Amino acid sequence: MEEKDFPNSQIQKNEYKLKHNAVGLMHGVFQSISHVSPAGDVAILLTGTVAYAGAYTVIAVLIAWLIYGMWMNTPYQFSKLRTNAGGYYAYASLGSKILSIPTFLSYTENEMLGGPAFGILGFASFFYLISPSISSLPYVWVGLASVVAAYGFIISYLGIKESLSYAFYTGLAEVLFLGLASIAIIFKLGSLNTFSVFSPPTYALPLVFLGMVFSILDFTGLGTVITVSEEIKEPKKNVGKSILYAFLLTGFALIPPAYALTVGWGLGNISAFASSPDPGLIVFGKYLGIAGFALLTIFVANSYLSFIIANSNVVSRISFSAARDGVIIPRWFYYTHPKRKTPVRTLMLWLGVGFGSSLAAGLLLGPFNGALLLLTIAGIGVIFEHMFANIGLTIYANKQRQFDIFKHGVVPIISSILGVIVLYYSMQGLLSTAISSPSLLNYAFLGAGIFGIVWPLAVGFPLGIYYLKKHPEKLAKAGEYDIAMEIRPQSKET
């Protein structure tokens, strides 16, 4: 390879590098699956889908899975073109530098605010919901949240291989348990099994659609393997494979449970499902006994712990990439541990912002509502980051004269349109709830949704324009790094 192979890029000799070739294909798969946190979804997030879709929850989850699969086209295609820990921030930047900062800010919503809230506050909320005796003790959740945050920091600090080896073994067991246990429940249902849950009547379609919108959150994180791409072996081959395998495995881990839990609960009493504090545990205990109840409890707790490791990996790598480029994140954060090659300073940034925001939200609203508030912001952020990356893929593929009308045109455009639709219905739901049930909490959720839109658009784009005018040399570097710059063969002259 020669320098001409990297158009618009300057070959960088970086003092600080992530650990190349440290992990393999399956580590990448379970970086993504750990971030999805399927057991956590089964225990908590599915209740939100059931609240809208009711008996037709399984079809809502199935459609959401397929839509998210379409969204995965962009990281799949980009992974073959560029290896950069910046993920969607780097991908969108390759298309247009004006997208760099808005995409990074949407990442902060999703990963710096919503991610820690799900792992840290979700863990505390789970034990609050299943044990009233714990919830009666004031502020005990702060201790639980602190343990989870410290755990995520320490395991990620130890190294990418150590953190993802843990994710691989526990994540594989989690996926197999959820899928196989759900199949066992389905067999035990016997004559109660029905195909009616796959064919909702016309009048129920709007509610099924709203349930599908909520289910999109169940699959958030499927593409996060792209943020460890600089550390995975043969990244331009294995990152795409990781996305595909993770997509299939999460379908197995979430679609059968969606059917088993709703039918197992009882379709005639499905309205009580969403109001129950722990419906997943109830159904598993009913059909699989104390062993099923205990195992699901263990896997849910571990799922939150695995998630927080995956989330800290994501935030620290994206921030490291931005600091390397000199965009938004101060250059001081461009640093890796001399032995472990972990971006320890951006890990500290994750701990400070993520734990700090979760603690503040939890103290203000309680751990459960505090998590929902930050996850509302995250839900908006994840839509924007995918839309910006879709635009980046179309532009970049065209600039590189590798444009394929279907992969780089049709699919990204349809994905972005679906993103706009999901965004519209998400905001409509927040607004209608605030109007029909006025309360400070519902106003706070609406405010969170508005913030989620304003942050990348009204703040991100003006900042991008500022950088273009005042610091064009920094923005020019955004997303341009490729690991091939580090491992390319040396010329004979050198």
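Each Cβ is built from the backbone N, Cα and C atoms, and glycine gets one as well.
Note: TrEMBL annotation is automatic and uncurated.
Values in this document were obtained by computation on a predicted structure and should not be read as measured data.
Positions annotated as domain 'Amino acid permease/ SLC12A' by TrEMBL: 27-461.
Panel annotation: around the transmembrane segment (42-68), residues 122, 125-126, 178, 196-198, 200, 204, 207-219, 222, 247, 250-251, 254-255, 257-259, 261-262, 267, 270-271, 273-274, 276, 278-281, 296, 300, 418 of the same chain, lying at least six beyond its termini, place a Cβ under 8 Å from a Cβ of the stretch. Under the heading transmembrane segment, TrEMBL lists 42-68 (among others).
If one looks beyond the transmembrane segment (88-105) by at least 6 residues along the same chain, the residues whose Cβ comes under 8 Å of a Cβ in the stretch are 74-75, 78, 82, 223, 226, 318, 321-322, 327-328, 384-386, 388-389, 391-396, 399, 455-457, 459-461, 463-465, 467-468, 475-476, 478-481. The transmembrane segment feature in TrEMBL is assigned to 88-105 (among others).
As annotated by TrEMBL, transmembrane segment applies to 112-131 (among others). Sequence-distant neighbours of the transmembrane segment (112-131) (same chain, 6+ residues past either end, Cβ-Cβ under 8 Å): 35, 37, 40, 43-44, 141, 144-145, 148-149, 152, 277-278, 281, 297, 300-301, 304-305, 307-308, 311, 314-315, 350, 353-355, 357-358, 361-362, 367-368, 370-371, 373-375, 377-379, 381-382.
Residues annotated as transmembrane segment in TrEMBL: 137-159 (among others).
Per TrEMBL, transmembrane segment is recorded for 166-187 (among others).
Under the heading transmembrane segment, TrEMBL lists 207-230 (among others). Sequence-remote contacts of a segment are chain residues at least 6 beyond its ends whose Cβ falls under 8 Å from one of its Cβ atoms, and for the transmembrane segment (207-230) they are 17-18, 20, 23, 27-29, 31-32, 34-37, 41, 45-46, 48-54, 56-57, 59-61, 63-65, 67-68, 71-72, 75, 78-79, 83-88, 91, 110, 160, 164, 200, 239, 242-243, 246-247, 250, 254, 307, 310, 313-314, 317-318, 375, 378-379, 382, 422, 425-426, 429, 483.
What TrEMBL lists as transmembrane segment is 242-267 (among others).
Annotation comment: TrEMBL describes 287-310 (among others) as transmembrane segment.
Within the chain, the transmembrane segment (347-365) has long-range Cβ neighbours (under 8 A, six or more residues past its boundaries) at 108, 112-113, 115-117, 120-121, 124, 141-142, 145-146, 149, 152-153, 156-157, 311-312, 315-316, 319, 329, 333, 371, 373-374, 441, 444. Residues annotated as transmembrane segment in TrEMBL: 347-365 (among others).
The transmembrane segment annotation in TrEMBL covers 371-393 (among others). Only residues 6 or more beyond the boundaries of the transmembrane segment (371-393), in the same chain, are considered here, and those with a CB under 8 A from a CB of the stretch are 71, 74-75, 77-78, 88-89, 91-96, 99, 102-103, 106-111, 113-118, 121-122, 125, 216-217, 220, 357-358, 361-362, 365, 408, 412-413, 415-416, 419-420, 422-423, 426, 430, 444-445, 448-449, 451-453, 455-457.
Taken from TrEMBL, the feature transmembrane segment applies to 405-425 (among others).
Taken from TrEMBL, the feature transmembrane segment covers 445-468 (among others). Here the transmembrane segment (445-468) has long-range neighbours at 97-106, 108-109, 327-328, 372-374, 376-381, 384, 388, 423, 426-427, 430-431, 433-434, 474-475, meaning same-chain residues at least 6 beyond its ends whose C-beta is under 8 angstroms from one of its own.
Proximity of distant same-chain residues to the transmembrane segment (242-267), defined by a Cβ-Cβ separation under 8 Å and at least 6 residues beyond the stretch ends, is recorded for 25, 28-33, 36, 38-39, 41-42, 46, 49-50, 54-55, 57-58, 60-62, 65, 68-69, 72, 75-76, 79, 174-175, 178-179, 182-183, 185-186, 189, 192-194, 196-197, 218-219, 222-223, 225-226, 232, 273, 279-280, 282-283, 286-287.
Over the domain 'Amino acid permease/ SLC12A' (27-461), the average per-residue pLDDT in this prediction is 94.
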